[in-house]
Amino acid sequence: MISTLKQPSLQFLAQKHSFLPRSSSSSTKFTSEMAPKRLDSKRITVSKPLHISSLENFGLVKKRDKSGEFKRKIECKAYEADKSKPIEEKTPSEVSRRVKIGIYFATWWFLNVIFNIYNKKVLNAFPYPWLTSTLSLATGSLMMLISWITGVAETPKTDLQFWKTLFPVAVAHTIGHVAATVSMSKVAVSFTHIIKSGEPAFSVLVSRFLLGETFPPGVYMSLIPIIGGCALTALTELNFNMIGFMGAMISNLAFVFRNIFSKRGMKGKSVGGMNYYACLSMLSLLILTPFAIAMEGPQMWTAGWEKAISQIGTQFIWWMAAQSVFYHLYNQVSYMSLDQISPLTFSIGNTMKRISVIVSSIIIFRTPVQPINALGAAIAILGTFLYSQVLTWSLYELKKIVLTILMAIVLKGKTVRKLDERTINVL
């Protein structure tokens with residue numbers, strides 16, 4: 001963010017622990033020489049406007065001064081308007097972090113595409129989504145247990161309170177996982193993911209009407225193409241199935257609640273993304289298993305397994321193993337990436353993931369798509385992208401407002417300490 005500050009005539013008096021602006025009758029301006037210095041009763045005049053390149057430690061970080069006392073400190077980096085200087089130089093660590101994030105994203109998308117292909121193959125030959133969902137969770141749980149035992153992954157330190165807060169997250173995750181699998185057993189993979197691209201609409205509606213949260217008008221406007229695109233796709237789907245449609249819708253709602261419960265219950269927990277998802281899978285497996293037995297049962301599974309083996313051959317066993325392994329791996333990578341990026345960046349990545357899944361599944365399974373159906377899908381995905389961008393813009397506007405408040409208080413002659421007290425709750 002670059003902001004140009006044009007200030008009225010003022011002078012700065014540098015004191016021992018703070019600086020206070022004082023009005024002046026002389027024609028002075030706010031320049032780079034105004035940087036706070038520990039001078040005793042010396043005025044610093046300025047003559048050129050500044051570009052603010054960064055604002056750090058905004059009332060949240062205390063630093064030790066020379067006297068040994070901790071003081072709240074704001075660091076404002078700037079350069080003169082007539083000079084050219086990059087806002088921030090990319091350090092090697094920053095470059096490596098971005099490369100790491102790019103690898104996470106590419107791996108996440110690739111694993112998700114492979115999972116969806118094998119999952120659909122399994123469900124076409126073995127239409128038992130409850131068992132398929134259970135095996136996916138069981139495989140992931142077994143993989144993580146082996147990783148902990150062998151020392152490949154660090155064993156998480158958990159307590160009873162951790163599992164209590166994880167339980168509602170696991171319930172929502174279980175419902176969302178099964179509902180999505182049921183949907184894909186009834187309709188095309190592309191159709192399921194187009195409907196699931198409407199998850200932001202559920203997120204906004206739940207947050208607004210159940211949690212009382214408010215959003216900028218742009219957020220509500222971005223829901224129009226999401227809802228309209230999903231509706232157009234559903235109405236023009238050649239092989240529409242109500243169970244498949246409702247499964248995708250229920251999955252959207254369940255994952256919204258999963259995110260809400262996870263955000264509220266896991267604050268301050270030290271379990272990393274990989275281990276967090278492992279614990280979530282194990283608890284979801286315990287929840288799902290009795291329901292899977294009740295809904296389908298061993299007798300149906302045995303008959304379906306024999307039929308699939310007779311039609312596909314032993315290759316079907318590879319399909320089943322692949323969909324289970326890739327399901328765990330793509331989810332694990334997605335949770336690991338959350339440790340490195342913001343939720344908004346993750347949302348954009350999730351949108352791009354759906355595009356890759358939709359396109360690849362249409363090509364591989366040769367799904368017939370009408371032009372009006374493709375238009376609905378494009379509108380829905382575009383709306384999802386706009387939704388994430390509007391949220392990003394809203395946060396950017398908030399930063400601008402905060403910076404404006406900062407400068408207004410400085411110009412009124414109030415100390416930075418007062419600014420901290422007034423704005424720390426907002427931030």
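Every residue, even glycine, has its Cβ placed from backbone N, Cα and C.
Taken from TrEMBL, the feature domain 'Sugar phosphate transporter' covers 100-388.
What TrEMBL lists as transmembrane segment is 101-118 (among others). Tertiary neighbourhood of the transmembrane segment (101-118): same-chain residues 184, 189, 193, 319, 322-323, 326-327, 329-330, 333-334, 336-337, 340-341, 345, 349, 352-353, 356-357, 360-361, 364, selected by CB-CB distance under 8 Å and a gap of 6+ residues from either end.
Feature annotation from TrEMBL assigns transmembrane segment to 130-153 (among others).
TrEMBL lists 218-236 (among others) with the feature transmembrane segment.
Taken from TrEMBL, the feature transmembrane segment covers 242-261 (among others). Below 8 angstroms of C-beta separation, residues 168-169, 172-173, 175-177, 179-187, 191-192, 195-196, 198-199, 202-203, 206-207, 211, 234 of the same chain, each at least six residues beyond the ends of the transmembrane segment (242-261), sit close to that stretch.
Nonlocal intrachain contacts for the transmembrane segment (273-292), taken as residues 6+ away from its ends with a CB within less than 8 angstroms of a stretch CB, comprise 130-131, 133-134, 137-138, 140-141, 144, 153-156, 158, 162-163, 166-167, 169-171, 173-174, 177-178, 266, 328, 331-332, 335-339. TrEMBL lists 273-292 (among others) with the feature transmembrane segment.
The feature transmembrane segment is assigned by TrEMBL to 375-396 (among others).
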